[in-house]
């Protein structure tokens with residue numbers, strides 16, 4: 001007989017309805033006529049008199065987060081918000097986020113923001129060439145770092161006294177920083193805000209979904225590599241999005257093959273043993289945005305904080321990424337030729 005989870009996990013509906021709340025630890029079982037430790041009357045109802053849990057229930061947080069309307073107002077100038085998800089580490093989410101940001105920013109008429117919610121492994125500043133920047137605070141809020149005239153970045157990396165310092169935080173503190181990134185950062189008017197997330201379906205993902213839900217999320221882009229080990233976790237991430245009410249805009253298969261820059265022969269590095277990203281997209285009923293091949297020059301561009309689109313516009317990977325951007329634009333109901341005009345796609 002298979003073992004069961006102990007203690008019994010909270011219901012999915014309860015976690016999604018109250019993602020940032022921690023149930024109060026009671027010192028005695030709930031009595032028969034208990035209004036519930038999370039109700040508005042908890043600790044103050046007539047039936048609470050004499051209960052050992054009365055003081056605990058009375059001081060437990062209740063009701064919606066009062067900061068959510070402030071976040072909604074702060075983000076009112078952002079047209080489109082896109083989450084970059086996977087569930088699996090090492091598939092290139094941050095790399096893809098930086099490439100997608102540069103792709104959108106190739107259109108000088110568009111302003112792009114990138115929010116790095118990978119609190120324990122912030123790599124976006126390095127990839128976008130702003131690792132040495134610091135946050136400036138004014139009466140208007142926190143100012144993001146600008147990698148280009150039309151590309152803004154916010155990450156915990158800017159707040160560390162030493163670039164190699166480890167962030168050893170529990171969930172509530174990470175959730176609090178994500179809230180500050182949304183409530184206190186002066187994002188201004190953006191065409192796109194890309195949210196780079198860590199692996200998993202837990203604290204950071206619940207926080208982002210909760211804080212952004214009222215202001216509106218366009219959807220999520222799933223990133224995977226071809227092998228089944230990666231697809232296993234991506235399936236869970238897609239299930240998370242469906243339960244949380246987040247539209248899945250499509251799936252990108254990263255590192256789908258290696259194209260030799262000299263002979264242009266393509267080799268399968270990660271074999272698609274069960275059909276890869278395209279087959280998964282068909283199974284899950286989501287759009288397949290395209291396959292991006294391995295290119296060592298992408299890693300080099302990220303290491304130096306340069307735009308791969310500017311340095312290698314004719315590479316197979318660059319052409320594939322442009323196809324992904326146009327497919328994503330269609331899924332969002334946008335004109336692909338406006339998002340990435342032909343003269344910048346040559």
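Glycine residues also receive a Cβ, built from the backbone N, Cα and C atoms like all the rest.
Bear in mind that the values here come from a model prediction, so they are computed numbers and not experimental data.
As annotated by TrEMBL, [4Fe-4S] cluster 1 binding site applies to 34, 48, 51, 57. Other Cβ atoms within 10 Å of the Cβ of residue 34 ([4Fe-4S] cluster 1 binding site), summed over all protein chains shown, number 18.
Residues or ranges marked as ATP binding site in TrEMBL: 87, 88, 89, 90, 91, 92, 93, 94. Proximity of residue 93 (ATP binding site) to non-local residues of its own chain (separation of 6 or more, Cβ distance below 8 Å) is seen for 84, 85, 86, 196, 197, 199, 223, given in sequence order.
A sphere of 10 angstroms centred on the C-beta of residue 263 ([4Fe-4S] cluster 2 binding site) encloses 7 other C-beta atoms. Annotation source TrEMBL lists [4Fe-4S] cluster 2 binding site at 260, 263.
Residues or ranges marked as region 'Disordered' by TrEMBL: 26-45.
If you compare Cα positions, residue 90 (ATP binding site) sits closest to 260 out of the binding-site residues 34, 57, 260. Across the fold, the C-alpha of residue 92 (ATP binding site) and the C-alpha of residue 260 ([4Fe-4S] cluster 2 binding site) stand 20 Å from each other.
On its own chain, residue 51 ([4Fe-4S] cluster 1 binding site) has 28, 31, 34, 57 as residues at least 6 apart in sequence with a Cβ closer than 8 Å to its own Cβ.
In sequence order, 34, 35, 41, 42, 54, 57, 58 constitute the residues six or more apart from residue 48 ([4Fe-4S] cluster 1 binding site) in its chain with CB-CB distances below 8 Å. For the pair residue 260 ([4Fe-4S] cluster 2 binding site) and residue 91 (ATP binding site), the Cα-Cα distance reads 20 Å.
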